[in-house]
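> Before I ask anything, here is the structure I am working with.
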Amino acid sequence: MSSFHKNSSYMEDPDYPGYSGSQNHTQNYLRTQDDLEFPGCLDNPGFHHPRRNPYSSDSRTNPDYHHSLAEPDYPGSPSDADYQNTRCHPRSAHPRTRPDYEPDYEPDYNDFQSESYHPDLSMEPDYPGSHGHPGFAGVRSSVNSTGPRTNLGYLDLEEPDYPGAQGNSYHSGPRSHSNLPGSRRNAGYAGSRINSYPDSLGEPDYPGAENQPNSPDFYGKPDYPGAEEGDVYSPSKTLGVIGRSRGSFGILGREDGDYPEGIEMASLGMAGDPRNGYVNPAYMRGSSPVCPDRNLLLCARDWNTSPQGQKLIASLVPMTSRDRIKTIRNQPRTMQEKRELRKIVDKEKNKQSHGTFEANCCAQCLSSLSLAYRRTKSSLSELLNYISLWQKRFKVIGGKFGTSVLSYFSFLRWLLKFNIFSFVMNFSFIIIPQFTVGEKNTLQFTGLEFFTGAGYFRETVMYYGFYTNSTIRHRMGGASYNMQLAYIFTIGACLVICFFSLLFSMAKYFRNNFINPHIYSRGIAKLIFCWDFTVTHEKAVKLKQKNLSTEIRENLSEIRQENDRLTLNQKLTRFSVHVAAWLVSTGITAACCVAVYYLAEYNSEFLKTHKNPGAVLLLPFVVSCINLAVPRFYSMFRLVERYEIPRQEVYVLLIRNIFLKISIVGILCYYWLNIVALSGEECWETLIGQDIYRLLLMDFVFSLADSLLGEFLRRLIGMKFITSLSLQEFDIARNVLELIYAQTLAWLGIFFCPLLPFIQMITLFIMFYVKNVSLMMNFQPPSKAWRASQMITFFIFLLFFPSFTGVLCTLAITIWRLKPSADCGPFRGLPSFIQSIYSWIDTLSHRPGYLWVVWIYQNLIGSVHFFFILTLIVLIITYLYWQITEGRKVMIRLLHEQIINEGKDKMFLIEKLTKLQDIERRANPSTLVLERREVEQQSPLHLEELDAAPDLRLRRSMQEENAIA
């Protein structure tokens, strides 16, 4: 086997034709042992040549040796029946086993050294007993043999057979001199470790190779007698290497050949280790022991001492902290190497700045503060992610059902945060002060109050009518607390903060999901080629795999939907169906609103004449039934409309359902503000609060029953009775509209029932776990995978308009136009709720220190012109932002098309280059041999596959030449 030097040229290769063949091959041979990519390298696990020599007289596999492991049974071996008690070449006149044997260092065939190479000769010697002899059973070069290497039909290019190669015995170099004095390949040599068989084990045969001190065999252990007594080489190491060396060809050679040259070779790491006594010269002399043929910047060791590493460190020192961190972060290194690089750069920077410490004191302080700020920010971010609600649950849901179903639970958690904030505000500034002056409740609690909200709860902090209108002052001359201002400012602050939070959230999600360049590339590179290697837990790995699979299906579905095109008739048909569905849904919504209004009036008249506590539940029960049944009827329209894109179907259902629910809430608000508030009822604010509480509670009960009973029964029917139904899919539109409807009621009732955010918080917390369990048990993943990156943005938009804006309009009418109750609430006795603000401003106008507050109110808050100018500015900024967004979209689209065109240009050039190379190969087929050698040298791991499979390219070229001939 040739020993190719990766860092040398072909003229320095011992197997190259015309190589002079130095008698001393020790250095060149050993130099290849630490070349991991050399096909014949001892350290190459894919090398399949033998390590154990069954022919050596001193080998441990020799049957005469008392520790023999195997006995060869080939012709001419001691185990063969026809063996004539000789070990040397059958034509040798002096066999070593004869008593009168004398070492003969002359060649045992005639005129060996005098024979020169002739072009007409075959590629291998043909003397008697040689592989090249025509009469030899295992001949390779005989034209009559089925497998000669010089035959055109034989495509095995395992070893070169040109003059000067190891397989050619006419080569004048020492490797082919099997009978050269002192050669290991000479059968007459007493210390030989290999057989006279040419190229039997791929070992060096140069003179004196056996004199290397403690020279190991190919198992990492010497094969001379008594080797097992050494302290350096233990049997455990030998057995370990033996296990690695047993490849697909066995120990003795190829399965289809008569020569032992196909045995797999393992690493010589133990042999080359200086600790074993044997010091490989190449081990100590390599140009780069760590990374001999790679970039030093990517090396795992001593990278900082290389010129490239020093240059990198020198370039990082003058950088700012931000740029230095960004540069180190982008380095293709492990985290440990990046930390070491940062420490080295910090040390170098400290050395350079040691003399100018006083001058750079401020800069160092700023750098330290910046570093502390970044670390604190990172720690807080990690803490928030760690304590984030249901983080693991979200990963499971997203991995199994995709981002579309996950968007519902993300929206639910987002609403829960809103209600937690509102409850904290109300509890801190309204409820706690009222506890200090509240009177004891004398009503009896019966339990029915949980459903009706009346009775015992009427005289608690739950409703508006219980709060005092006085100024709280615990001692004379102390600080006072105006309950009227606290009530209206706290409710107003909650609504204002919710307003800006909704705007900020819509802007953030809009920027991430609508202006993201991934809408053109879809993040394919990140999706396919990125893997979080910090994920090591088996369950987490499987979950990550599910996530990747779901995201890939979502991206593929979008690509397929973009390529679908409809004909004109199909478009007209679908348009007609959509118009009809919209007309039917609008008519149903109008009918439901009319029914709810007349039911509310009838129920109010009925309650005046009947004192039945359960009668108050009739209106919320009917409204909840409508909200449960009508959206399911809307969902059946999908069978007729047949939307190809699932996102469009969800959008249409959302709009229809929100139109239904908001219309019902609007009719109820009209009834409350125009019928109940003007009816002269005692404490009408508390009555409205009770109605909203009952609506919210009844909606929660219906949702709970639908999840625990309805969805469970639907699963049983689909699995047991009507199997064609199978499992149902999660209805995102209907479930999201339930959340929006409940949150609308919570915002609407926050003025009349300050504890309503707390009730909504409890219901959302329970609904998450109920929906999660029902989802895992009763639903299947969506049949059409689709991404829902823009769904949360649409949900928040629907929550903002018309839900939140409708609530603001209703509360504005209540505060500015309606008269408060005369006997209850903090605003009792006032002509309007806003009158408390006017009285406060009048009081501040008589105090010189607060005149700036009066000016702000009169010229900004209370001025119509200010709000007109502010609205105009907001619209202008929105328009400019929209134009910038559209411009960026166009630029992103152009850049994306440019990248695609550049890729097409490269593919065109590659195809042209490939065609030119094919034409050149057909014109000069001999270049295929050198190309094969380059492939073997560059890809040693595939050497076994290349040897086992024929060279299809060579066969194709030869067939074309034969056809032309």
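Note that the numbers count up from 1, one per residue, in the order the chain is shown.
Backbone N, Cα and C atoms are what each Cβ position is placed from, and that goes for glycine too.
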> Are Ser774 and Glu911 on one side of the membrane in Swiss-Prot?
yes
> Labelled phosphoserine in Swiss-Prot - which residue from Ser116, Ser142, Ser248 would that be?
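Cross-referencing Ser116, Ser142, Ser248 with Swiss-Prot, phosphoserine lands on Ser248.
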> Do any residues, 6 or more residues outside the transmembrane segment (579-599), come within under 8 Å Cβ-to-Cβ of it, and if so which ones?
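Same-chain contacts beyond the flanks: 618-619, 622-623, 626, 630, 633-634, 637, 640-641, 656, 659-660, 663-664, 666-668, 670-671.
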> Ranking 614-634, 658-678, 748-768 by Cβ pairs under 8 Å to the transmembrane segment (485-505), which is first?
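If we count Cβ pairs closer than 8 Å to the transmembrane segment (485-505), 748-768 scores highest.
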> Under 8 Å between C-beta atoms and at least six residues away from its ends: which parts of the chain pack against the transmembrane segment (445-467)?
430-431, 434-435, 438, 483, 487, 613-614, 616-617, 683, 685-686, 689-690, 693-694, 697, 751-755, 821, 824-826
> So if I exclude everything within five residues of the ends of the transmembrane segment (748-768), which remaining residues of that chain have a CB under 8 angstroms from its CBs? That is, six or more out.
390, 409, 412-413, 415-416, 419-420, 422-423, 426-427, 430-431, 461-464, 491, 494-495, 665, 669, 685-686, 688-690, 692-693, 696-697, 700, 703-704, 707, 739, 742, 807, 810-811, 814
> Between the transmembrane segment (795-815) and the transmembrane segment (658-678), are there at least three Cβ pairs closer than 8 Å, leaving out pairs fewer than 6 positions apart?
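With 3 or more qualifying Cβ pairs, these stretches touch.
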> Could you pull out which residues elsewhere in the chain have a CB under 8 Å from any CB of the transmembrane segment (658-678), counting only those six or more residues past its ends?
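Residues 585-586, 588-590, 592-593, 596-597, 600-601, 604, 623, 626-627, 630-631, 634, 684, 687-688, 691, 695, 737, 740-741, 744-745, 748, 798, 802-803, 806, 810, 813-814, 818.
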> Please indicate, using numbers and ranges, the residues of the same chain that are 6 or more beyond the transmembrane segment (692-712) and have a C-beta under 8 Å from a C-beta there.
450-453, 462, 616-617, 619-621, 623-625, 627-628, 668, 728, 738, 741-742, 745-746, 748-749, 752-753, 756, 759-760, 763, 766-767, 770-771, 774, 777-779
